[in-house]
């Protein structure tokens, strides 16, 4: 028996806990920002725009008493405009299938019909913790108003517990971890203690480029795009990464590239800097644009993309 196996057994004998936690909610309630703060590192993309998360991202946080394996899901789509949205909703449902705890995120002082749609998808026999996010908003700073809002939402579903946080500012994140911990099963850790995600460097590079697309383009255009890593080469002291951005129309390609290529250059530069920080190495990044008409309704193609 090696030392890691022995120590893992000692942890389990001492009541160590480890389990899966799904983070769910309607689009744009701050799920990805919350997960990034929970694990202490940015691995899930964030944006003020809805539906920035398309793939389930697994983040891992480990301390001396528990290991939390968080699954960040796409926002549940109530507008089924195409096959892509249907696939995103399927991702949410699949993520809920094998978890030990569900964290249901809502925006402070704003509970909508879209939130209720998500509630109806939640498993009946899995503990669900209500998390009221964005308590830094002015309307949520009134303690009594916030308490009344939490009571209103708790009346909609049989929640195991509730917590109010500000994912943006990292407020009450430690409290939330302690709230989740008792609902995790006693188990040895599933991952090494220094591991923060099970996603590959290729996947993280793709997500970084997607985040920049959402940041620098208009309200609708990023939803008509997909990002593919065509090549990822790791050398001594340098990662060479080649990424294609897929769009539906030539007109979208022109918008993405921008006048004189300035917009694409800005997106590429900021993405490269973020990758160098995340991978702790120099990065050569090449980003270009491809046109494939109707890709968001092509079910076979979506499967090839892993969506």
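In case you wondered, yes, glycine gets a Cβ from its N, Cα and C as well.
Feature annotation (Swiss-Prot): of 64-67, 68-71, 72-75, the stretch labelled region 'G3' is 72-75. Check Swiss-Prot against the ranges 36-40, 41-45, 46-50, 51-55 and you find region 'G2' recorded for 51-55. Among the residue ranges 17-24, 25-32, 81-88, the one that Swiss-Prot annotates as region 'G1' is 25-32. Feature region 'G4', per Swiss-Prot, maps to range 133-136 of the set 129-132, 133-136, 137-140. Secondary structure of the region 'G4' (133-136) per DSSP, as helix, strand and coil residue counts: 0 helix, 1 strand, 3 coil.
Neighbour counts of Cβ atoms within 10 Å were taken for the binding-site residues 28, 31, 135; the minimum is at 28.
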